[in-house]
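Remarks on the structure that follows.
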Amino acid sequence: QISWTLLLVLGYLFYLLLGAMVFQLLEKQAETHFRDQFQLEKLNFLQNYTCLDRQALEKFVQVLMEAWEKGVNPEGNSTNPSNWDFSNSFFFAGTVVTTIGYGNLSPSTVSGQIFCVFYALFGVPLNLAFLNQLGKGLNAHLLTLERWVQKPGRAQVQLAIFLSTGTLLFLVFPPLVFSYVEGWSYGEGFYFTFITLSTIGFGDYVVGTNPNKHYIPVYRSLTAIWIVFGLAWLALVFNVGADLMEKFLQLKWQKSDLSLAEGATTKLEDEPEQPRIHIPS
């Protein structure tokens, strides 16, 4: 048991190190390019508007950053819809209790921040209980499907139906909707879908935030409802995947130990029995 735990810890750390190296290889050069391009744009701006100096420009950039951190999109004008109307507030409440936390919007008042803490304190366990109950309902539905499929290998058929149906409803069709409404590519919509349902929630893509588009009032509320059911489905998929991975790794580990033990036993059997030496007392 200790050996298996140690193997799992080492494998987990290795996976993190591998991810760090790959992300650094893929993203660092692009970040350097974008940083140099941004500095060049600031330099060109100062050259075109000689009445400004670098200090004034940096101050204006700081104002833009503060506005973005407060959830105010610098694009557009004051006629942009509020981030805290009921639909957007409902969407934000969903991102709190589901622990997605996009990071593009957060309470700016002290009272709002304190309420958010207590709201999450009771809302996160409530959300977990709800998702657990929803998962039980999905499991019961899967058992019903299993009774319908009276053929050899029905468990595999049941799992295939569960995975294919959920994949279509939560990972394949939603990016088409987001691509049409938000103007994203299908790849960007698929990326947003998975990052959201897995509760990673980077916040680089968020629905209903483009000030140049007109959204229906219930758009983000419907998205929040889709997120809740998608979370339950993907959580079951992750649980099944974790169980299968753990059983597979443990099986490989046990086979390795068993082969070593058999090899040692065979070696002992092949060796001729050594004469015993009796030492008189």
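Glycine residues also receive a Cβ, built from the backbone N, Cα and C atoms like all the rest.
Unlike curated entries, TrEMBL annotations are predicted automatically.
Summarising the annotation, TrEMBL assigns transmembrane segment to 6-26, 114-135, 155-178, 190-207, 219-242. Taken from TrEMBL, the feature N-linked glycosylation site covers Asn77. As annotated by TrEMBL, domain 'Potassium channel' applies to 79-136, 168-246.
Helix, strand and coil counts under DSSP for the domain 'Potassium channel' (168-246) come to 55 helix, 0 strand, 24 coil. Across the domain 'Potassium channel' (79-136), the prediction's mean pLDDT works out to 87. For the domain 'Potassium channel' (79-136), the DSSP counts in helix, strand and coil order read 39 helix, 0 strand, 19 coil.
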